[in-house]
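Here the structure comes first, spelled out in C-alpha cells, and everything after it is commentary.
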Amino acid sequence: MTAALCAVALLPGTAHADNPIVQHIYTADPAPLVHNGRVYLYTGHDEDGSTYFTMKDWRVWSSADMVNWTDHGSPMSLATFSWAKQDAWAGQAVERNGKFYWYVPVVNRATGRMAIGVGVADSPTGPFRDAIGHPLVENGEIDPTVFIDDNGQAYLYWGNPNLWYVRLNADMTSYSGGVNQIPLTTAGFGTRPNGGSRPTMYEEGPWVYKRNGQYYNVFAAKCCSEFIGYSTSPGPTGPWTYRGTVMPTQGSSFTNHPGIVDYKGSSYFFYHNGALPGGGGYTRSVSVEKFAYNADGSIPTINMTNSGPPPADTLDPYTRQEAETINWESGIETEPASEGGMNIGWIENGDNVKVRNVAFGAGAKTFTARVASASAGGAIEVRLGSATGTVVGRCTVAGTGGWQTWTSVSCPVTGVTGTQDLVLRFTGGSGYLFNVNWWQFAA
Ligand SMILES: [Ca+2]
Ligand SMILES: [Ca+2]
C-alpha cells in the first residue's frame, strides 16, 4: 500500500457522465481494437502531475458495452524494450493469426532519436514482449498506425511532421519495399493558415483504415491546439483528398488523437482531452463518442461530450464481474491481484464504483464479493442507480490478514430486478478498508 499511485482527484458524481472512460489514472492516445466480441483499448499513460509528455508505460482496457471498462493494467512499458530510453508515446495494436502486435514510438537510447518498436503477445491483454529486440523503423518520427488490407497486405504509417509508410511482411515484424513518404499536398491534407514549414493541416497521429472500399486517414490537424481532420483515398497509399473536420478544437488539451472502430452495429470515435480534475495538455484522458457515417461515407462533425455513448449492451451480474470493470468511480485505484488480473484498492470510507446497465432480470437474491484486507475491513453497500440510491444489500468484510489474502463474502439482497445501474459503496472506519477482486450475484 505504501507504493500507492497518487489518486486522480475526484469528480462530482454527475448523472451519466461516462466520459472520460477512465477516472483513476490519466490516459492518452487511444487505439481501439475489436476482437472476439470485445473492444480492447490501448492507451498511453500520463503520470500524475506531468508538466511534459512524461510517459513510462502503456495500458490496456476492454469493454463489451462501451460504458463499463475493465482495467487490464500495464502489459507493456519502456522496460519491455531494452533499447528504449524514454517516451512511451502513441501506438496501435492489431491482431494477425492469433498474435497481437503493438507498434509504439520510443526514444532509442543508442541514437537519441524516436524509433518505432513492436511488442507481441498471445492475448490482447498481453503480456507483451519485444518482438525483434530492436527498432522496426527509425527516422526520428512518431505515431504509428497499422492497417491490414483485405488482400492481407499490412501497412504501418507514422510521422510528425512528415507522413511515412512501410509495407509490413506477413510476420508483421519486418517490411519490404523500403520506407516510403506520402506527399503532404494541400489537396490531400488541406491548407494550414500561416502554415510556413507545415503548409498542410496534417500534424501527427494518423489513424488509417478501410470502409466500403474507401481508405480513411484520420489525423491530428494543425497545431496548437489541434483539431481532428481526415482525408480519403481510393487506395492505401493515395492519392489522398482532404475531407475536413472530424472533431473541432475542444477540451483543455492542446493535442488530440483519433481512434475509430465499428462495434455491435455502431461506429465509435475515441479521442483525448483534459477533462479530469488536474487535467490538461500533459494530463489527458481518453473519451469516446458514438457516431454514424453519412450516406456518402463522409464522417460527421463529432463534438466532445461528458455523457459519452449509450450502452451497446447489458452487463450480466450472474457471471463473475471484475471489480475493476468500472463505469465511474470515486476514490479507488487498481493494482495487479495475486489471483490474476487486477483488483481495486486504496478503498476508504465513502469510495464507490458504478457499473451501468446491469441486467438483473427477475431478481437477484445474493451478492458475493472476493475481498482481502490487512486492516479491520468494513462493509460493501449494494446500491441501485447512484451512490445515494437505495441500499438493497450490505456485506460485512472482516480483516483477512493481508491485502492479497483473498476470501469470498456473501449477503442477501432484496428488490434487485430489471436493468439498472449498480453502485458498490464502501464504508468503514479510517484508513484503507479492503480490496475487491471480483463480484457476482446469484438469482
Ligand atoms: Ca481511496
Ligand atoms: Ca479482478
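Any Cβ shown, glycine's included, is placed from N, Cα and C.
Features as listed in TrEMBL:
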type     : residues : note
ACT_SITE : D29      : active site, proton acceptor
ACT_SITE : E204     : active site, proton donor
DOMAIN   : 319-442  : domain 'CBM6'
SIGNAL   : 1-17     : signal peptide
Least buried by Cβ count (within 10 Å) of the active-site residues D29, E204: E204
Integer mean pLDDT for the domain 'CBM6' (319-442): 98
Three-state composition of the domain 'CBM6' (319-442), taking helix and strand from DSSP: 0 helix, 79 strand, 45 coil
Between the residue listed as 'active site, proton acceptor' and the residue listed as 'active site, proton donor': CA-CA distance (Å): 11
